[in-house]
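Colleague: In case it helps, TrEMBL gives these features for our protein:
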BINDING   224, 328, 329, 330, 331, 402, 417  ATP binding site
DOMAIN    292-509  domain 'FAM20 C-terminal'
ACT_SITE  397  active site
BINDING   417  Mn(2+) binding site
């Protein structure tokens with residue numbers, strides 16, 4: 001009996017020792033190692049060497065395989081804001097050279113004097129008296145601390161606004177709430193000071209329905225009404241130049257441009273506009289008033305004043321008066337901040353059968369590289385940035401681009417008029433990437449941020465969803481469109497990788513960080 005007890009005790013001791021040695025001790029070792037060691041590849045452990053106050057990051061070891069195969073995932077319950085973590089990343093906190101007066105678009109005294117003159121013109125009451133129509137009159141005032149004014153003063157040679165500019169979020173709120181005191185058709189601002197006939201630059205049509213809305217304190221925004229439901233894709237048989245313009249595409253393009261850190265799209269906000277009280281009753285334009293009507297469903301509707309397809313079936317209608325739309329902040333007027341419009345070298349044919357040279361000549365970029373202004377400076381690299389942006393949103397309608405004349409050849413390109421993006425989430429139009437695939441060039445800063453946005457902790461669709469959720473018209477994009485962003489981003493990176501395999505990293509990637517350092521030292 002005693003011998004059996006001793007045998008049982010010895011057996012239990014052996015089992016406990018085995019459990020301790022083979023199970024408990026390894027777990028304790030892993031816990032202790034995990035608490036004292038952090039993965040060097042995590043986003044919060046990225047340290048960038050600095051040179052002259054400017055970060056000069058290096059490329060990561062990346063491939064075209066799905067990020068899950070080469071990236072350590074964050075815990076599923078990490079929580080918090082992915083967008084805030086993205087903007088806190090060192091890549092989004094790179095210092096630019098100190099901006100001097102010559103690198104700012106406008107000076108304070110210049111802009112203030114321009115609007116002081118406008119205050120004394122009393123243009124609204126005079127227009128009403130001349131046209132002999134009844135409109136709702138509003139008091140016109142000028143606020144030197146207005147958000148739109150600070151936005152204009154913040155424009156410099158590097159971007160439309162700085163990353164931490166408090167005027168931009170305030171401007172978005174103001175555009176959603178400011179009282180509208182005047183509405184009119186938009187003028188084609190590509191016609192510089194009467195240098196050309198506006199009607200010959202952009203042919204108006206029923207597909208281009210947009211209005212200029214003026215606010216109480218001289219703020220001005222372009223209103224594009226909802227023409228298409230968010231879950232409706234552009235039909236396959238539609239040509240890109242007859243596609244609808246989508247208000248939610250304008251909103252989403254602004255947010256994507258900010259996430260890519262380009263900052264070349266003016267602020268855009270969604271808003272429910274009362275088309276009776278905020279358009280019809282405040283407009284002094286008799287042509288605009290003439291296209292308003294009440295539908296059989298008793299909704300207030302209007303359509304474009306144009307040369308063709310201007311019929312009631314192309315109208316937009318409120319419900320009964322409220323209508324969704326995008327409000328894009330106007331840039332400073334051409335009289336104080338001239339811009340020029342330049343044909344895109346990769347312009348498409350706007351005919352049913354025509355094709356451009358770049359569509360048939362794979363060596364087209366070799367010719368472009370020899371031409372001014374693409375033979376030096378950043379202009380061609382900026383074109384490639386723009387093509388990546390357009391590919392992500394699916395915009396095939398980039399026939400021109402604009403620049404501020406003050407900044408010359410080294411100025412950034414304005415990414416204006418993005419309403420034909422986000423039309424088809426099921427198709428990735430690879431021809432939009434022709435500047436990248438044919439020229440095989442990309443800025444280091446652009447590539448690094450694209451790499452960051454494929455990581456699960458910064459996934460592009462996630463940060464876009466979070467950013468767009470701040471707009472009052474949310475949801476701005478459907479889930480298929482958000483998923484398409486991730487898919488297209490992978491295709492951009494694969495295109496860059498093919499170029500590197502063919503030409504080598506030094507030939508493909510341009511170190512724009514070093515260029516900024518050199519410019520600062522001069």
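Glycine is treated like the rest: Cβ placed from N, Cα and C.
I'd like these features described in context: how deep, what's nearby, how far apart.
Modeller: Using a 10 Å Cβ-Cβ cutoff, residue 329 (ATP binding site) registers 24 neighbours.
Every protein chain considered, the tally of other Cβ atoms within 10 Å of the Cβ of residue 397 (active site) stands at 18.
Within the same chain, the residues at least 6 positions away from residue 417 (ATP binding site) whose Cβ sits under 8 Å from its Cβ are 397, listed in sequence order.
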Colleague: Could you pull the average pLDDT for the domain 'FAM20 C-terminal' (292-509)?
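Modeller: That stretch averages a pLDDT of 93.
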Colleague: How far apart, in angstrom, are the most distant Cα atoms among the ATP-binding residues 224, 328, 329, 330, 331, 402, 417?
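Modeller: The span, Cα to Cα at its widest, is 20 Å.
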Colleague: Please give me the CB contact count at 10 A for residue 331 (ATP binding site), counting all chains in the structure.
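Modeller: For residue 331 (ATP binding site), the 10 Å Cβ neighbour count is 20.
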Colleague: Ten-angstrom check, please: count other Cβ atoms within 10 Å of the Cβ of residue 224 (ATP binding site), all chains counted.
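Modeller: I get 26 for this one.
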Colleague: How many other Cβ atoms are found within 10 Å of the Cβ atom of residue 330 (ATP binding site), counting all protein chains shown?
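Modeller: Cβ-Cβ neighbours of residue 330 (ATP binding site) within 10 Å number 19.
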